[in-house]
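Positions annotated as substrate binding site by TrEMBL: N11, N78, G88, N89, N163, N198, E216, R217, G226, T227. The active site feature in TrEMBL is assigned to C87. Annotation comment: TrEMBL describes C87 as active site, proton donor. The active site, proton acceptor feature in TrEMBL is assigned to C225.
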Amino acid sequence: MEFSKGHGTENDFVILPDPDARLTLTSDRIAALCDRRRGLGADGVLRVARTGALVDSGLLDALPDGTNADDWFMDYRNADGSIAEMCGNGVRVFAHYLTAEGLESRENFVVGSRAGGKPVQVHSTGPVAGEVTVEMGRVAQLGESSATIDGRVYPGIGIDVGNPHLACVDPNLTGASLVALDLTAPGYDPGFFPQGVNIEFLTPIESGAVDMRVHERGVGETRSCGTGTVAAAAAALRHDGADAGVVRVRIPGGAVEVRIEDEHAWLRGPSVLVAHGAISDEWWSALA
Ligand SMILES: N[C@H](CCC[C@H](N)C(=O)O)C(=O)O
(Lines of atoms letter the chains of each structure in order from A; the text may use other names.)
(Lines give C-alpha, C1' and ligand atoms only; values in the text may rest on other atoms or scores of the structure.)
Protein backbone atom coordinates (compact mmCIF):
# COMPACT_ATOMS: atom_id res chain seq x y z
CA MET A 1 0.00 0.00 0.00
CA GLU A 2 1.58 3.26 -1.24
CA PHE A 3 2.18 6.20 1.08
CA SER A 4 4.02 9.50 1.21
CA LYS A 5 5.13 11.53 4.24
CA GLY A 6 5.12 15.30 4.41
CA HIS A 7 4.82 18.22 6.80
CA GLY A 8 3.76 21.84 6.96
CA THR A 9 5.91 23.72 9.54
CA GLU A 10 6.63 20.29 11.13
CA ASN A 11 2.95 19.34 11.52
CA ASP A 12 3.41 15.97 9.87
CA PHE A 13 1.13 13.70 7.89
CA VAL A 14 1.00 10.30 6.26
CA ILE A 15 -0.49 10.76 2.77
CA LEU A 16 -2.52 7.84 1.38
CA PRO A 17 -3.31 7.99 -2.37
CA ASP A 18 -6.76 6.41 -2.72
CA PRO A 19 -8.54 8.13 -5.68
CA ASP A 20 -11.51 5.76 -5.64
CA ALA A 21 -11.85 5.83 -1.81
CA ARG A 22 -11.42 2.09 -1.48
CA LEU A 23 -9.32 2.02 1.73
CA THR A 24 -11.10 1.32 5.04
CA LEU A 25 -9.67 3.88 7.45
CA THR A 26 -10.74 2.56 10.87
CA SER A 27 -9.64 4.61 13.87
CA ASP A 28 -7.47 1.65 15.03
CA ARG A 29 -5.61 1.63 11.70
CA ILE A 30 -5.11 5.41 11.74
CA ALA A 31 -3.93 5.37 15.36
CA ALA A 32 -1.47 2.54 14.59
CA LEU A 33 -0.18 4.30 11.46
CA CYS A 34 0.33 7.57 13.38
CA ASP A 35 2.00 5.90 16.37
CA ARG A 36 5.67 6.94 16.39
CA ARG A 37 6.80 3.54 17.65
CA ARG A 38 4.50 0.86 16.19
CA GLY A 39 3.67 2.70 12.98
CA LEU A 40 5.10 5.35 10.65
CA GLY A 41 4.40 8.22 13.05
CA ALA A 42 2.44 11.37 12.22
CA ASP A 43 0.10 14.01 13.64
CA GLY A 44 -2.53 12.95 11.11
CA VAL A 45 -3.46 11.16 7.89
CA LEU A 46 -4.49 12.71 4.57
CA ARG A 47 -6.39 10.34 2.25
CA VAL A 48 -6.22 11.60 -1.34
CA ALA A 49 -9.55 10.79 -3.00
CA ARG A 50 -11.92 12.26 -5.57
CA THR A 51 -14.81 14.00 -3.82
CA GLY A 52 -17.31 12.10 -5.97
CA ALA A 53 -15.77 8.75 -4.98
CA LEU A 54 -16.22 9.58 -1.28
CA VAL A 55 -19.89 10.40 -1.91
CA ASP A 56 -20.39 7.21 -3.96
CA SER A 57 -18.81 5.12 -1.18
CA GLY A 58 -21.06 6.75 1.45
CA LEU A 59 -18.13 8.36 3.29
CA LEU A 60 -19.58 11.79 2.47
CA ASP A 61 -23.36 12.39 2.54
CA ALA A 62 -23.12 14.96 -0.27
CA LEU A 63 -20.65 17.13 -2.14
CA PRO A 64 -19.46 19.76 0.38
CA ASP A 65 -20.19 23.42 -0.49
CA GLY A 66 -17.74 24.80 -3.02
CA THR A 67 -16.65 21.39 -4.34
CA ASN A 68 -17.47 19.27 -7.38
CA ALA A 69 -17.16 15.52 -7.88
CA ASP A 70 -13.86 15.76 -9.75
CA ASP A 71 -12.09 17.87 -7.11
CA TRP A 72 -9.51 16.12 -4.97
CA PHE A 73 -10.72 15.82 -1.38
CA MET A 74 -8.49 15.92 1.70
CA ASP A 75 -10.01 13.20 3.91
CA TYR A 76 -8.23 14.23 7.14
CA ARG A 77 -7.88 12.11 10.31
CA ASN A 78 -6.24 13.08 13.60
CA ALA A 79 -3.57 10.81 15.12
CA ASP A 80 -6.15 9.30 17.50
CA GLY A 81 -8.25 8.26 14.51
CA SER A 82 -10.88 10.97 14.95
CA ILE A 83 -12.18 12.92 11.97
CA ALA A 84 -11.75 16.70 11.89
CA GLU A 85 -13.47 19.19 9.62
CA MET A 86 -10.34 20.96 8.40
CA CYS A 87 -6.52 20.99 8.58
CA GLY A 88 -4.73 24.13 7.35
CA ASN A 89 -1.19 22.72 7.26
CA GLY A 90 -2.67 19.57 5.73
CA VAL A 91 -4.22 21.45 2.80
CA ARG A 92 -0.85 23.01 1.94
CA VAL A 93 0.89 19.62 2.01
CA PHE A 94 -2.04 18.06 0.11
CA ALA A 95 -1.90 20.69 -2.67
CA HIS A 96 1.90 20.39 -2.88
CA TYR A 97 1.61 16.57 -3.11
CA LEU A 98 -1.00 16.76 -5.92
CA THR A 99 1.13 19.08 -8.06
CA ALA A 100 4.47 17.40 -7.28
CA GLU A 101 2.99 13.99 -8.13
CA GLY A 102 1.41 15.25 -11.36
CA LEU A 103 -2.16 14.64 -10.17
CA GLU A 104 -2.94 18.34 -10.65
CA SER A 105 -1.39 20.59 -13.29
CA ARG A 106 -3.06 23.89 -12.36
CA GLU A 107 -1.53 26.50 -10.05
CA ASN A 108 -4.96 27.53 -8.75
CA PHE A 109 -7.57 24.89 -7.85
CA VAL A 110 -9.97 23.82 -5.08
CA VAL A 111 -9.20 21.21 -2.42
CA GLY A 112 -12.30 19.63 -0.90
CA SER A 113 -12.64 19.37 2.86
CA ARG A 114 -15.43 18.67 5.36
CA ALA A 115 -15.43 22.43 5.94
CA GLY A 116 -16.12 23.01 2.23
CA GLY A 117 -13.99 23.71 -0.83
CA LYS A 118 -10.67 25.48 -0.08
CA PRO A 119 -9.16 27.37 -3.03
CA VAL A 120 -5.37 27.07 -3.11
CA GLN A 121 -2.58 28.82 -4.99
CA VAL A 122 0.58 26.76 -5.40
CA HIS A 123 3.41 29.31 -5.55
CA SER A 124 6.11 26.69 -5.94
CA THR A 125 6.13 22.91 -6.09
CA GLY A 126 9.28 20.88 -6.18
CA PRO A 127 9.81 17.18 -5.37
CA VAL A 128 10.68 18.22 -1.81
CA ALA A 129 9.84 21.90 -1.11
CA GLY A 130 6.63 23.78 -1.89
CA GLU A 131 4.91 27.03 -0.95
CA VAL A 132 1.12 27.32 -0.92
CA THR A 133 -1.57 29.84 -0.03
CA VAL A 134 -4.92 28.44 1.16
CA GLU A 135 -8.10 30.49 1.20
CA MET A 136 -9.28 29.24 4.60
CA GLY A 137 -12.75 30.75 4.38
CA ARG A 138 -14.82 32.37 7.10
CA VAL A 139 -13.39 32.89 10.61
CA ALA A 140 -16.18 33.26 13.18
CA GLN A 141 -15.74 34.36 16.79
CA LEU A 142 -17.67 32.17 19.28
CA GLY A 143 -17.40 34.26 22.44
CA GLU A 144 -15.13 34.38 25.47
CA SER A 145 -13.95 31.31 27.33
CA SER A 146 -10.73 30.24 29.02
CA ALA A 147 -8.12 27.51 29.29
CA THR A 148 -6.26 26.36 32.41
CA ILE A 149 -2.73 25.10 32.97
CA ASP A 150 -1.76 23.92 36.48
CA GLY A 151 -4.69 25.85 37.94
CA ARG A 152 -3.81 29.11 36.20
CA VAL A 153 -6.58 30.58 34.04
CA TYR A 154 -5.81 31.86 30.53
CA PRO A 155 -8.70 33.95 29.12
CA GLY A 156 -9.33 33.26 25.44
CA ILE A 157 -11.74 33.58 22.58
CA GLY A 158 -13.52 30.70 20.88
CA ILE A 159 -12.98 30.81 17.13
CA ASP A 160 -14.48 28.64 14.38
CA VAL A 161 -12.12 28.06 11.45
CA GLY A 162 -14.23 25.16 10.19
CA ASN A 163 -12.96 23.35 13.29
CA PRO A 164 -13.11 24.66 16.88
CA HIS A 165 -10.34 26.72 18.51
CA LEU A 166 -9.74 28.50 21.80
CA ALA A 167 -7.07 31.18 21.25
CA CYS A 168 -5.57 32.64 24.44
CA VAL A 169 -3.60 35.87 23.97
CA ASP A 170 -1.60 36.56 27.13
CA PRO A 171 0.02 40.04 27.38
CA ASN A 172 2.32 38.66 30.10
CA LEU A 173 3.70 35.97 27.78
CA THR A 174 6.97 36.38 25.95
CA GLY A 175 8.53 33.98 23.45
CA ALA A 176 10.71 32.70 26.31
CA SER A 177 7.93 32.21 28.89
CA LEU A 178 5.73 30.59 26.22
CA VAL A 179 8.34 27.84 25.88
CA ALA A 180 8.02 27.09 29.61
CA LEU A 181 4.25 26.40 29.55
CA ASP A 182 3.22 22.77 30.18
CA LEU A 183 0.91 21.94 27.26
CA THR A 184 0.49 18.27 28.17
CA ALA A 185 -3.23 18.63 28.91
CA PRO A 186 -4.58 22.20 29.14
CA GLY A 187 -8.09 22.38 30.64
CA TYR A 188 -11.09 23.92 28.88
CA ASP A 189 -14.87 24.22 29.33
CA PRO A 190 -16.52 21.15 27.73
CA GLY A 191 -19.86 22.92 27.96
CA PHE A 192 -18.54 25.64 25.66
CA PHE A 193 -16.73 23.15 23.39
CA PRO A 194 -18.85 19.96 23.43
CA GLN A 195 -16.94 18.55 20.40
CA GLY A 196 -13.54 19.24 22.01
CA VAL A 197 -11.23 22.07 20.97
CA ASN A 198 -7.76 23.00 19.69
CA ILE A 199 -6.14 25.39 22.18
CA GLU A 200 -3.59 28.07 21.26
CA PHE A 201 -1.44 30.11 23.66
CA LEU A 202 0.16 33.19 22.12
CA THR A 203 1.86 36.51 22.69
CA PRO A 204 0.29 39.79 21.57
CA ILE A 205 1.31 41.24 18.20
CA GLU A 206 4.74 42.88 18.20
CA SER A 207 6.30 44.12 14.93
CA GLY A 208 3.53 42.33 13.02
CA ALA A 209 4.22 38.91 14.56
CA VAL A 210 3.10 36.62 17.39
CA ASP A 211 4.64 33.53 18.99
CA MET A 212 2.25 30.61 19.46
CA ARG A 213 2.13 27.05 20.81
CA VAL A 214 -0.83 24.71 20.38
CA HIS A 215 -2.47 21.67 21.94
CA GLU A 216 -4.47 19.98 19.19
CA ARG A 217 -7.74 18.09 19.60
CA GLY A 218 -7.15 14.44 18.76
CA VAL A 219 -3.35 14.76 18.70
CA GLY A 220 -1.80 16.61 21.66
CA GLU A 221 0.84 19.33 21.37
CA THR A 222 2.02 19.74 17.80
CA ARG A 223 4.78 21.93 16.38
CA SER A 224 2.21 23.77 14.30
CA CYS A 225 -1.52 23.92 13.51
CA GLY A 226 -2.60 25.79 10.40
CA THR A 227 -6.19 26.44 11.45
CA GLY A 228 -4.72 27.31 14.85
CA THR A 229 -2.48 30.00 13.35
CA VAL A 230 -5.58 31.52 11.72
CA ALA A 231 -7.44 31.48 15.06
CA ALA A 232 -4.39 32.97 16.76
CA ALA A 233 -4.10 35.77 14.20
CA ALA A 234 -7.80 36.63 14.56
CA ALA A 235 -7.51 36.66 18.36
CA ALA A 236 -4.32 38.75 18.29
CA LEU A 237 -5.90 41.33 15.97
CA ARG A 238 -9.00 41.41 18.22
CA HIS A 239 -6.70 41.96 21.23
CA ASP A 240 -5.41 45.08 19.45
CA GLY A 241 -8.92 46.24 18.63
CA ALA A 242 -8.60 45.30 14.94
CA ASP A 243 -10.62 42.90 12.78
CA ALA A 244 -8.36 42.81 9.71
CA GLY A 245 -4.64 42.65 9.00
CA VAL A 246 -1.63 40.46 8.21
CA VAL A 247 0.02 38.57 11.05
CA ARG A 248 3.20 36.46 10.94
CA VAL A 249 2.66 33.53 13.28
CA ARG A 250 5.81 31.90 14.65
CA ILE A 251 5.28 28.33 15.90
CA PRO A 252 7.84 25.79 17.12
CA GLY A 253 7.87 24.22 13.62
CA GLY A 254 8.48 27.43 11.66
CA ALA A 255 6.40 30.44 10.60
CA VAL A 256 3.37 31.19 8.42
CA GLU A 257 1.57 34.32 7.25
CA VAL A 258 -2.13 34.83 7.97
CA ARG A 259 -4.19 37.54 6.28
CA ILE A 260 -7.63 38.36 7.62
CA GLU A 261 -10.11 40.63 5.81
CA ASP A 262 -13.91 40.83 6.04
CA GLU A 263 -13.93 37.86 8.46
CA HIS A 264 -12.17 35.66 5.90
CA ALA A 265 -8.63 34.29 6.17
CA TRP A 266 -5.78 33.30 3.87
CA LEU A 267 -2.90 31.14 5.12
CA ARG A 268 0.47 31.11 3.32
CA GLY A 269 3.30 28.80 4.24
CA PRO A 270 5.73 26.05 3.28
CA SER A 271 5.26 22.36 2.64
CA VAL A 272 7.87 19.60 2.60
CA LEU A 273 7.51 16.13 1.06
CA VAL A 274 9.91 13.89 2.97
CA ALA A 275 9.40 10.36 1.69
CA HIS A 276 7.48 7.95 -0.53
CA GLY A 277 7.16 4.25 0.26
CA ALA A 278 5.00 1.21 0.84
CA ILE A 279 3.02 0.12 3.90
CA SER A 280 2.92 -3.66 4.36
CA ASP A 281 -0.48 -4.92 3.19
CA GLU A 282 -0.17 -7.74 5.75
CA TRP A 283 0.47 -5.26 8.58
CA TRP A 284 -2.47 -3.07 7.47
CA SER A 285 -4.88 -6.01 7.01
CA ALA A 286 -4.05 -7.42 10.45
CA LEU A 287 -5.38 -4.24 12.08
CA ALA A 288 -9.09 -4.01 12.85
N1 LIG B 1 -6.62 18.60 15.36
C2 LIG B 1 -7.50 19.43 14.54
C3 LIG B 1 -7.38 19.08 13.05
C4 LIG B 1 -5.97 19.34 12.50
C5 LIG B 1 -5.65 20.79 12.50
C6 LIG B 1 -4.20 21.16 12.23
N7 LIG B 1 -3.25 20.11 12.05
C8 LIG B 1 -4.12 22.20 11.13
O9 LIG B 1 -3.09 22.29 10.45
O10 LIG B 1 -5.11 22.98 10.98
C11 LIG B 1 -8.97 19.23 15.00
O12 LIG B 1 -9.29 18.16 15.56
O13 LIG B 1 -9.77 20.15 14.73
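Cβ from N, Cα, C; glycine included.
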Practice task
Taking only the Cα atoms, work out how far G226 (substrate binding site) lies from C87 (active site), in Å, as a whole number.
Solution key: 6
Problem - Integer Å distance between the CA atoms belonging to the residue listed as 'active site, proton acceptor' and G88 (substrate binding site) - result: 7
Exercise for the section: Let me know the DSSP-derived helix, strand or coil state of N163 (substrate binding site), please. Expected result: coil
Exercise for the section: Find, for the listed active-site residues C87, C225, the residue with the lowest Cβ contact count at a 10 Å cut-off, counting only other Cβ atoms. Expected result: C87
Practice task
Pick the one among the binding-site residues N11, N163 whose Cβ has the fewest other Cβ atoms within 10 Å in this structure.
Solution key: N163
Completion exercise
Within 10 angstroms of the C-beta of G226 (substrate binding site), the count of other C-beta atoms across all shown chains comes to 27
Practice task
Would you mind reading off the Cα separation of N11 (substrate binding site) from C225 (active site, proton acceptor), to the nearest angstrom?
Solution key: 7
